[in-house]
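Below is one structure, written out as structure tokens, with a few remarks after it.
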Amino acid sequence: MDALQSRRIEAISIAVAVVAIGAGTAYYLYITRKPKPCLDPDNFKEFKLVKRTQLSHNVAKFRFELPTPDSVLGLPIGQHMSCRGKDSVGEDVVKPYTPTTLDSDVGYFELVIKMYPQGRMSHHFRELQEGDYLAVKGPKGRFKYQPNQVKAFGMLAGGTGITPMFQVARAIMENSKDKTNVSLIYANVTFEDILLKEELDNLAKSFPGRFKVYYVLNQPPEGWDGGVGYVTADMIKEHCPPPTADVQVDVEVWPSTNEQGHGSSPGRSWIHSPNAVPVLTEACCWRSAFLLVTHTTEQLIDYQGETQRLISSVGI
């Protein structure tokens, strides 16, 4: 009798252990599983606008809802996505955008959009109201940022070209294992044109010594203590990390196009050095392992003969 009872207790103990192991394994798989990305690289998917925040007369932040509160967009750092809308005459228009959110922001993604008077996609965003849907496809782009791939990033951005820079910089700073330092020069026409200034200043305040931002304005207000005019070689030398023996420096500069389809300089002038990494976005240029460049206005660098002189003078 004692032997039978002992075997029963043993069987029950084994069953309890198996159930516990199974439950533990299931829970571990649940909390460690990688969420399926919402983006589709081949097909447009629609996402609902749940909040629109007007930041200025022509800039707004749009928050779009993902299918579930735990869903992630699935956009690798350094890449962008294509957004589709209708222009003022009802024709389809597609334009690339970079969210200011990361996959750590679950359940939603956000776009900060500057709406130009004659912009075709700007018209769509001007008309977009809470409850409407935006068609999105991605990821797009050939560059994917890897933590600690370089010791330091120098970044030059102009106008709305700040969004991919902010995406990369934020990802670097919020990754405790990434020790990369970031130095950003951000150029605009007026103080009011500066996008994400509060977010950039918060990064600089939260990560002193690791993230630095230097603002340049073409039409500065009275008492302005930042840079004035175009980004110059002296500004880059002073505010960006210098090239070193253990840093590979490749340069490829393509003028951006604005929403009207016009380039920031006549023709398609560009500068290239061997093994340069392709552009980050259509309005974005990449200098491998040292300098990242984006711009959507002429205020960043005068491309009419000045870029080659600028790059040469910095020693890249």
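The backbone N, Cα and C atoms fix where each Cβ goes, and this holds for glycine too.
Please treat TrEMBL annotations as automatic predictions, because they have not gone through curation.
The transmembrane segment feature in TrEMBL is assigned to 12-30. Among the features that TrEMBL reports, domain 'FAD-binding FR-type' is placed at 42-146. Feature annotation from TrEMBL assigns FAD binding site to Pro96, Tyr97, Val112, Lys114, Met121, Ser122, Thr163.
A simple way to gauge crowding: the CB of Val112 (FAD binding site) has 22 other CB atoms within 10 angstroms, across all the protein chains here. Neighbour density for Lys114 (FAD binding site): within 10 A of its CB lie 19 other CB atoms from the protein chains shown.
What surrounds the FAD site, by Cβ distance within 8 Å of the Cβ centroid and not counting Pro96, Tyr97, Val112, Lys114, Met121, Ser122, Thr163, is the set Cys83, Lys95, Leu111, Ile113, Phe125, Thr160 from the same chain. Between the farthest pair of Cα atoms in the FAD binding residues (Pro96, Tyr97, Val112, Lys114, Met121, Ser122, Thr163), the distance is 17 Å. The Cβ of Met121 (FAD binding site) has 21 neighbouring Cβ atoms from other residues within 10 Å, across all protein chains displayed.
Around Tyr97 (FAD binding site), a 10 Å sphere centred on its CB holds 24 further CB atoms from the protein chains shown. For the domain 'FAD-binding FR-type' (42-146), the model's pLDDT averages out at 94. Per-class residue totals from DSSP over the domain 'FAD-binding FR-type' (42-146), listed helix then strand then coil: 8 helix, 46 strand, 51 coil. In this view, Pro96 (FAD binding site) is surrounded by 19 other Cβ atoms within 10 Å of its Cβ, with every protein chain counted.
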